[in-house]
Amino acid sequence: MKDPEFPEYTARPPGENPKPAPGPPPPFPNMRPVETVPHGGSSTLATVALVLGLVGAVLAAIPLAIVALVRISDRNQTGRWKAIVGLVAAVAWIPVLLVRIAGISDDEPDRDVASGQVTAAQTTRPQELKVGDCVASLEEGAVKQVTVTPCDQPNGGKVFALFTFPPGSWPGRETVDEEMQNGCWERWSASEEQAADPSDVFILGPTEETWRLGDRGVTCLLIKR
């Protein structure tokens, strides 16, 4: 029997120049440290804008709120919500103020062209009164409207002087009352009205609300006893 034949295999020696193993990764490039923006604290402008917006100081609140929002971003400050609420509140006041202005724009009483005197009894705002106007009876307290009448008819008093406070912030109720009294008494002393029948001086002046809306006028009236 013939022995089986096996295929021939060729043996090779191990490679003399094997590929080298991969080396370590290259070093990272030089990197500059990242500088963080320091915290700028709470925004005072945002707080002021919030307060002014809530009380209806529209002309001051809106620009302050916008400036506060810009600075908060630039200076890494807190208080963004205050500026936003102040801005929204100020914008919400605009239609309210427009309605008030529209409601008083046509409140001027009818007057005689030649004499300037009112022609009939009619209701008007105290701010529309002029020197020489006569009014119906007046009561102390908040006065939003008065009835102006021709002076040849029974009336409750006559306007003898008008003056206006200078521009500025509301000085307080006590200060306003004192300056109104002094101003009216000085003008009464300098007028010819003091020689008339015994009378009392009645004063119509601004409130804090009307002051904020730009009305700082004072009306001095002489009321017969």
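Placed from the backbone N, Cα and C atoms, the Cβ positions cover glycine too.
These features come from TrEMBL:
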type     : residues : note
REGION   : 1-36     : region 'Disordered'
COMPBIAS : 15-30    : compositional bias 'Pro residues'
TRANSMEM : 45-72    : transmembrane segment
TRANSMEM : 84-103   : transmembrane segment
DOMAIN   : 117-220  : domain 'Septum formation-related'
| request: Run through the domain 'Septum formation-related' (117-220) and tell me, per DSSP, how many residues are helix, strand and coil. | output: 29 helix, 28 strand, 47 coil
| For the domain 'Septum formation-related' (117-220), mean pLDDT (0 to 100) | 86
